[in-house]
Amino acid sequence: MVDNKIPEPGPAKLKRNAGPDEWLEAAKDCKYLSEQHMKQLCEIVKEYMMEESNIQPVSTPVTICGDIHGQFYDLLELFRVSGGMPDGSEAEAPKTQSAVITSDDIEPPSTISDPKLRKKLRNTFAPEDGSEDSSASQRDRSSSSGSRDVELKRNFVFLGDYVDRGYFSLETLTLLLCLKAKYPDRVTLVRGNHESRQITQVYGFYEECFQKYGNASVWKACCQVFDFMTLGAIIDGRVLCVHGGLSPEIRTLDQVRVVARAQEIPHEGAFCDLVWSDPDDVETWAVSPRGAGWLFGDKVADEFCHVNDLTLIARAHQLVNEGYKYHFANQNVVTVWSAPNYCYRCGNLASVCEIGDDLKPTFKLFSAVSDDQRHVPVSRPGRSEYFL
């Protein structure tokens, strides 16, 4: 049985002259906007995005979020774990147990190689007596370590793949666009490989829009927003955020800054590589099994970070069971994954990565909210269709 306080999905019932404030409140409640309001929202957000650089500068403190994939109720949990939405509303306690992992806990190159740390995670997410106290202590730890960050107003960088596969792609994207419209300087939406016309026609977002509106006009408006999403973000000039990875055509950040981004994602080239590439155990470059982008190795990452004076490349794009993963011994590439129990069947943890002014990453891990904390659409696609 679903808790009656849980946001119930459905169409928003707003006056015709409603604006961003009303849209945001409706979006928080898992309501999708009318066709008219959604198109207005897309135009507002598009105007802000047109002014952004291909690599948008962002100041610390920052919360970096990975793939969401239409998992609306887990996105709400992400905000609870992160201390609240950018609107400054009072943060709720997480519905699931969470853990805080700092860079001091990590032994390269594996994500979690320390047996003590593995035990810590196992104990944190195991349903044991006293777990509530454990969760509270974790929150105390994170709140005390981040109190200065709260005062400075935390920024959010989302690394793309907001839609497809999950049950509520439209509502998820609507909430993020509303936050962008209301707080344009505090929310950065990076483009992922799923923010494209071709991919969304295959993996669910197009079909969802058509089902809810009876036509494709809102989907088209959202795709125009996708075209203006930034290709990356740079935190305090030292931490690069992209969806996928690096490109053999890109050696410097200035080369990214001059890429023509206001278009559908090309099938090859630098733009394509930024949203499709993956780090892997290769020396330099290798052909990607995805059919787009490249696999890049530690030598490539080391050189790119050296040339561009970077301490870290934060990216998403790949499911990692423990919520995040460092890929190389130098710990200069990390995957952040923010869709727990991906496709409602993978059983994985999720994380957000918090970067303070010392530029040391702290990971907050969380799991999917329980069934009584979410709604499931009656006419939902079969899970096998989405697990592609």
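Cβ coordinates come from backbone N, Cα and C, glycine included.
In the three-state DSSP scheme, His194 (active site, proton donor) is classed as coil. Applying an 8 A CB threshold to same-chain residues 6+ apart, the list for His194 (active site, proton donor) reads His69, Gly160, Asp161, Tyr162, Val163, Asp164, Thr200, Tyr203, Phe205. Here Swiss-Prot flags His194 as active site, proton donor, drawing on similarity to another entry.
Mapped onto three states, the DSSP output places His69 (Mn(2+) 1 binding site) in coil. Here the Cβ of His69 (Mn(2+) 1 binding site) has 28 other Cβ atoms within 10 Å, regardless of which shown protein chain they belong to. As annotated by Swiss-Prot, Mn(2+) 1 binding site applies to Asp67, His69, Asp161.
What Swiss-Prot records for Asp161, Asn193, His243, His317 is Mn(2+) 2 binding site, and it gives similarity to another entry as the kind of evidence. Within the same chain, residues at least 6 positions away in sequence whose Cβ sits under 8 Å from that of Asn193 (Mn(2+) 2 binding site) are Gly160, Asp161, Ile199, His243, Gly244, Ile265, Val275, Trp276, Ala292, His317.
The region 'Disordered' feature in Swiss-Prot is assigned to 86-146.
Sequence-distant neighbours of Asp67 (Mn(2+) 1 binding site): residues of the same chain at least 6 apart with a C-beta under 8 Å from its C-beta are Leu159, Gly160, Asp161, Gly192, Ala316, His317, Leu319, Trp337, Ser338, Ala339.
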